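S.K.: Handing you a structure now.
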Amino acid sequence: MRIAVFAGDGIGPEVTEQAVRVLQALEINGLELVEGDVGGAAYRKHGHPLPAQTLEIARSADAILFGAVGDFSLDHLERALRPEQAVLGLRKELGLFANLRPATVFKGLEDLSTLRPEVAGKIDLLIVRELNGDVYFGEKGTRTLEDGRRQGWDMMSYAEDEVRRIAHAGFKAAQGRRGKLCSVDKANVLETSQLWRDVVIEVSAQYPDVQLTHMYVDNAAMQLVKNPGAFDVIVTGNLFGDILSDQASMCVGSIGLLASASLAETDGAQGAFGLYEPIHGSAPDIAGKGLANPMATILSAAMLLRHSCGMEAEAARIEAAVAAALADGVKGGDLGGSAGTKEIGDAVIARL
Ligand code: ATP
Ligand code: MG
């Protein structure tokens, strides 16, 4: 197993260092870690946020552990050279089309949620968002009409193979969880969504053990607040997934606890290639101070072992250690605690 480690900017290197320590503490046979430069750090060293040698490391690896990119002092650069292009470039170059964002409330942290504790405590869901299609990648433009009004447009489109592969990702994820998949669309209004729904229903024939339901996106937004405990896996398109996954993360609470995976093919027994990163950014306000909570990155490493290495037991061990540390009151500043980055890393390793 070859894991590329791209720490990036700001708190990226600090939180990634702790996740790497956790991986090393598991003493997994044949686990090889290879570092590469991304983001502002890579721009300063090589003149590009995603240099060719980094892409080469990514292509030779089984998975990528990613910290964060972002650097205000490089805002003057043309868009293609800005740090954020590193993660967008990796998604595109490596065909990472499935974004998985679990949202769970850890015991004792229910009060961090924007929801009432009795509702928040029931959240244990996974959003599977399509990343390479939809309105973000359709034809777009602006023009001035004959009568002088300005007009803008973005074409929403999905081809059936694009829907099919994300549907498979959703069903497989549901099989590994509570066996419930909710497909979110707007099929009452959108042709794209009607095709989405038809294809998801076709694919469902291959997963008789998964209970499939459909929900319109407006209702899904409401149900995420009203009754989030009813969801297991949500599968949805790029635009709806963008909005719902941010909503779900606020339903859960702290930014320092949430992990994500971006996957390429989800078929194949030995697991799919993927990029794993915390949902937070480079947090320049606390960078270099040893204050960042590394748990989101540590939990991303757990997702990496589960999805790309087929190491469910090791992934569960990491997650249990994080939960135990939180239960014992080990909390970073984002949780109102005072534990520093390394201290949290130590606490998780001690509980592995
Ligand atoms: P980006 O554009 O890179 O996503 P952002 O503007 O969304 O960045 P973040 O970098 O995610 O912002 O930071 C948002 C706030 O959350 C900041 O105040 C930051 O200090 C805090 N924060 C982010 N990650 C962590 C963490 N791991 N531990 C503690 N605080 C964090
Ligand atoms: Mg952000």
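Backbone N, Cα and C define each Cβ position, glycine as well.
Nobody curates TrEMBL annotations by hand; they come from automatic prediction.
Sharing the feature lines straight out of TrEMBL:
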DOMAIN    2-348  domain 'Isopropylmalate dehydrogenase-like'
BINDING   R91, R101, R129, D218  substrate binding site
SITE      Y136  site 'Important for catalysis'
SITE      K186  site 'Important for catalysis'
BINDING   D218, D242, D246  Mg(2+) binding site
BINDING   G281, S282, A283, P284, D285, I286, A287, G288, K289, G290, L291, A292, N293  NAD(+) binding site
S.K.: Among R91, R129, G281, these being the binding-site residues, pick the one whose CA is nearest to that of D246 (Mg(2+) binding site).
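M.R.: Among R91, R129, G281, R129.
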S.K.: Determine, using Cα-Cα distances only, which of these recorded positions is closest to R101 (substrate binding site): K186, G281, A287, N293.
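M.R.: Checking each of K186, G281, A287, N293 against R101 (substrate binding site), the shortest Cα distance is to G281.
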S.K.: Sort the recorded positions R129, Y136, K186, D218 by C-alpha distance from L291 (NAD(+) binding site) and give me just the closest.
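M.R.: Spatially nearest to L291 (NAD(+) binding site) by Cα position is R129.
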S.K.: Can you go through the recorded positions R91, Y136, D218, D246, N293 and pick out those with a C-beta less than 6 angstroms from ligand 1?
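M.R.: What lies within reach of ligand 1, judged by Cβ under 6 Å, is N293.
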S.K.: Please list the recorded positions from R91, R101, Y136, A283, A287 whose Cβ falls under 6 Å of any atom in ligand 2.
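M.R.: Not one meets the Cβ criterion.
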S.K.: Using the alpha carbons only, what distance in Å do you get between D218 (substrate binding site) and K186 (site 'Important for catalysis') once rounded?
M.R.: 8
S.K.: According to DSSP, folded down to helix, strand and coil, what is D246 (Mg(2+) binding site)?
M.R.: helix
S.K.: Given the recorded positions K186, G281, A283, N293, and counting only Cβ atoms in the protein chains shown, which has the most within 10 Å of its Cβ?
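M.R.: Counting Cβ neighbours within 10 Å, the top one is N293.
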S.K.: Ten-angstrom check, please: count other Cβ atoms within 10 Å of the Cβ of R91 (substrate binding site), all chains counted.
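M.R.: Taking every protein chain into account, the count is 17.
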S.K.: Which one is it: of the binding-site residues D218, D242, D246, D285, which Cβ has the fewest other Cβ atoms within 10 Å in this structure?
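M.R.: Each of the binding-site residues D218, D242, D246, D285 was scored; lowest Cβ tally within 10 Å is D285.
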S.K.: Please give the greatest C-alpha separation between any two of the NAD(+)-binding residues G281, S282, A283, P284, D285, I286, A287, G288, K289, G290, L291, A292, N293, in angstrom, as a whole number.
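M.R.: 16 Å is the greatest Cα spacing among the residues binding NAD(+).
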S.K.: Let's check the environment of K289 (NAD(+) binding site): how many other CB atoms sit within 10 Å of its CB?
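M.R.: Within a 10 Å radius of the Cβ of K289 (NAD(+) binding site) lie 13 other Cβ atoms.
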S.K.: Return the count of C-beta atoms lying within 10 angstroms of the C-beta of R129 (substrate binding site), excluding that atom itself.
M.R.: 28
